[in-house]
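Dropping a structure here in structure tokens format, bear with me for questions.
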Amino acid sequence: MDAEIFSLDSLSIYKDINIASAKPSLKERKNIKHYALDHLNIDEKNNAQLFKTLLEDAMRVSSKEILLIVGGSSFYLKSILEGLSDTPKISGEEVVKIEREISALANPYAFLKSIDPTIAFKIHPNDTYRIHKALEIFYLTHMPPSEYFKANPKKPFEHAISLFALHIEKNALHNNIKQRTKNMLHSGLVEEIKALYAKYPKDSQPFKAIGVKESVLFLEKQLTLKELEGAITFNPIKLAKRQNTFNKTQFNILYTGSVKEVRHAILKHSKSAY
């Protein structure tokens, strides 16, 4: 397949996280152009707006007929496709100040409910990501988020994107995850995270990711090596199940099948589109 790849992955976007993200090696990237890899430092934040900007840049410069958007950040993909509101540009110092304000809240959801019942009603109390994003808007603009979004409506994504999903039999998927965990540990996952955890702020976004957060717990002696391997195996299995449900219910997927079948479907679809 003559294509380029856009990585919609919230861990591969970071420099220096290579093992935990199972990022393609430089050798694997040599003949195939990849976008949105190694873009951020560990102490920088990723979000849907950043991925949208990078995706639009990639679409503009890609020389291939096919640009494959690959990765597991389905929530970001949904946000991009449905449209995003413009958010004000802020400095690193302002980000730190806002993070401190939010961290100081005893109950972020209760506070959001008190300043903006309308937006709080639309967010589940356990949806920490969306609660956090709403509070960021409030502290940044001093407006209730619902009013801000009314004044700054979502801008739909201007490009047509066809969605394909891989189907992997449950036992095969679980075995793949178990083997990947062993490979990561053997390749130096703990050493990779140890070096980064010593260098960057402990509340950096990547340290909350699956595979990374468990390694941090091991480094803090809260997990044994056996428990670490079990956690890095079990948590991705749970995540894969959630992602599968999310993808089925939130997207209009054109085709689902094996790697070979999806490859054939993409080629067939791309030919009919031109």
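Glycine is treated like the rest: Cβ placed from N, Cα and C.
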Region 'Interaction with substrate tRNA' per Swiss-Prot: which of the ranges 9-12, 181-184, 245-248 is that?
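Per Swiss-Prot, the stretch marked region 'Interaction with substrate tRNA' is 9-12.
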CB neighbours of SER73 (site 'Interaction with substrate tRNA') within 10 A?
20
Per DSSP, what is the residue tally for the region 'Interaction with substrate tRNA' (9-12) in helix, strand and coil?
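When I sort the residues of the region 'Interaction with substrate tRNA' (9-12) into the three classes, I find 0 helix, 0 strand, 4 coil.
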Please report the three-state DSSP label of SER73 (site 'Interaction with substrate tRNA').
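In the DSSP reduction, SER73 (site 'Interaction with substrate tRNA') maps to coil.
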